[in-house]
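*Asks:* Annotated active site, tele-phosphohistidine intermediate per Swiss-Prot: His203, in sequence order, evidence recorded as similarity to another entry. Per Swiss-Prot, the feature phosphoenolpyruvate binding site maps to Arg306, Arg342, Asn452, Asp453, Arg463; the stated evidence is similarity to another entry. Under the heading Mg(2+) binding site, Swiss-Prot lists Glu429, Asp453, citing similarity to another entry as support. Residues annotated as active site, proton donor in Swiss-Prot: Cys500.
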Amino acid sequence: MDTQSSIGNEEWRIAGTSVVSGMALGKVFFLGTSPLHVRELTLPQEEVEHEIHRYYKALNRSKSDIVALEQEVTGQQGLQEVSSILQAHLEIMKDPLLTEEVVNTIRKDRKNAEYVFSSVMGKIEESLTAVRGMPSVVDRVQDIHDISNRVIGHLCCQHKSSLGESDQNLIIFSEELTPSEVASANSAYIRGFVSLVGAATSHTAIVSRAKSIPYLANISEELWNIAKRYNGKLVLIDGYRGELIFNPKPATLQSCYKKELSVVAHTSQRLVRKSLHPIVSSHAGSDKDVEDLLENFPQTSIGLFRSEFLAVILGRLPTLREQVDLYEKLARFPGDSPSVLRLFDFGEDKPCPGIKNKKERSIRWLLDYSVILEDQLQAIAKASLQGSIKVLIPGVSDVSEIIEVKKKWETIQTRFPKGHKVSWGTMIEFPSAVWMIEEILPECDFLSIGTNDLVQYTLGISRESALPKHLNVTLPPAVIRMIHHVLQAAKQNQVPVSICGEAAGQLSLTPLFIGLGVQELSVAMPVINRLRNHIALLELNSCLEITEALLQAKTCSEVEELLNRNNKITS
């Protein structure tokens, strides 16, 4: 189609990648993305101390911004990970070495604060960018970039438009979106996001998904520039097909919404065979999440409680009493199966407040800090007096790690009265765990496959990186076969398996999980009803057929083609 002739009031469609699925309608709004203009100025000696004062003032205002935003997101369901990111921003801004370098450079070179700060942060960004292949490097680069823009914005009195102040339905277009921007968005009016680049496992996507805001990314620059001419016009995000539809016709709107409407209308008419459809459970990460789930979905189990978020919310490690109080609520939760409590999952991009250790993560981090692990196990032992709990060990790469944790548990539980059953499970997130699954299974009562990390470590990418075009699919063939391998072994050992991560809530993959025999899908609370309704529309034979085809796929493009074709058949 000739894009030039499409500009005006005619309907125009462009393709992107659906990062967060769903439908969204609103006016196009391009968020200001022009880089802040930083001039280099040489100051008279008598103005140097005033310039340093100006820097401190901008830095303190930036800290206040982050503290205010953190307080805002702390109480919101599903946004604890954002709080962790904001804590990392604060830690960087509080770093005395950073402040010392900026202040000393202003004094020594007599340059203006914004120029010096921009130069210092630029060097840090360059050093991080040079380290290729390390997980989460892109996350850190984005953090540095975000902090730099915030401080320089205060110095230059320039700021992006606030996403919390809109009073009309908008689809936000931005070359690059940060998690803090998405977290601050007023979801009553910000209906969708579109960016030049983006990945389904990025922090930005996780926040957008938690807020149930559809998100489309990876638009070509040529089409992006043409889309700017539609600023203020109506646009529809079709997150199921990965399309942007500018000036949608009434017939298009009716057709696009038909899928979601039909889900509600036909839920009671078609059911997957009993015992063959997966249980849908919910993520949680705070006391408020548990209360919200109890209020809205009292019979829904907690499929993944991220215990480290308690430390993030408090800004410190929780006391034994604080842990016991929270874990007792999990033990008493009236879901249809016991709550799953993941042990502290610190390290790398999720630092523990007050402890700097970036060498290890997950269970290896915990074993390095055995006192912290033993305190958590004591809290679990006390909470088990109130009810059954499932304990999930994160980031296992070798069976010896499971054995060591369980040995500590055996010692600790003898100090307390015998409580209800405590089951033990393992997160399958690393390829090493997949290929040692036969050795891991005898130590486990259940398994949980973390698709985000499994994809990341299998393909050798970071969470924030946009996948190369030939790999741009939520589950590449290698990971599909890994999941199949784990499920086959688990079935032989009669060990149930759940899926958590971005893939669990992606409706196009639900037939695959049913066909593979997944027993549980753990998703964010806003996705629960949509996923259950979708499952109710699926036929078992069709699920088995698409699963067989996907297991034979050799490339990501084949996977995408099969999923798109199946999506059209079932829609």
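We number each residue from 1, going along the chain as drawn.
Yeah, the Cβs are placed from backbone N, Cα and C, and that goes for glycine too.
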*Asks:* I'd like the number of other C-beta atoms within 10 A of the C-beta of Asp453 (phosphoenolpyruvate binding site), please.
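*Replies:* That number is 21.
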*Asks:* For Glu429 (Mg(2+) binding site), list the number of other Cβ atoms lying within 10 Å of its Cβ atom.
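*Replies:* Other Cβ atoms within 10 Å of Glu429 (Mg(2+) binding site): 27.
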*Asks:* Please report the DSSP secondary structure of Arg306 (phosphoenolpyruvate binding site), reduced to three states.
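*Replies:* Arg306 (phosphoenolpyruvate binding site) sits in a strand per DSSP.
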*Asks:* Would you kindly give the Cα-Cα distance separating Cys500 (active site, proton donor) and Glu429 (Mg(2+) binding site), rounded to the nearest Å?
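*Replies:* That separation, Cα to Cα, works out to 10 Å.
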*Asks:* Between His203 (active site, tele-phosphohistidine intermediate) and Asn452 (phosphoenolpyruvate binding site), what is the CA-CA distance rounded to a whole number of Å?
*Replies:* 11
*Asks:* Ranked by the number of other Cβ atoms within 10 Å of their own Cβ, which of the binding-site residues Arg306, Arg342 ranks first?
*Replies:* Arg342
*Asks:* Would you count the other CB atoms within 10 A of the CB of Asn452 (phosphoenolpyruvate binding site), including those on all shown protein chains?
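*Replies:* Counting Cβ neighbours of Asn452 (phosphoenolpyruvate binding site) within 10 Å gives 20.
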*Asks:* Please report how many Å separate the Cα atom of Asp453 (phosphoenolpyruvate binding site) from that of Cys500 (active site, proton donor), as a whole number.
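*Replies:* Their Cα atoms are separated by 10 Å.
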*Asks:* Whole-number Å distance between the CA of Asn452 (phosphoenolpyruvate binding site) and the CA of Cys500 (active site, proton donor)?
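*Replies:* Pair distance, Cα basis, whole Å: 8 Å.
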*Asks:* For Glu429 (Mg(2+) binding site), which DSSP three-state class applies?
*Replies:* coil
*Asks:* Please state whether DSSP places Asn452 (phosphoenolpyruvate binding site) in a helix, a strand or coil.
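*Replies:* Where Asn452 (phosphoenolpyruvate binding site) sits, the three-state DSSP reduction gives helix.
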*Asks:* In Å, rounded, how far does the Cα of Arg306 (phosphoenolpyruvate binding site) sit from the Cα of Cys500 (active site, proton donor)?
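*Replies:* Approximately 12 Å lies between the Cα of Arg306 (phosphoenolpyruvate binding site) and that of Cys500 (active site, proton donor).
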*Asks:* Provide, as an integer number of angstrom, the distance between the C-alpha atoms of Arg342 (phosphoenolpyruvate binding site) and Cys500 (active site, proton donor).
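*Replies:* Taking the Cα atoms only, Arg342 (phosphoenolpyruvate binding site) lies 12 Å from Cys500 (active site, proton donor).
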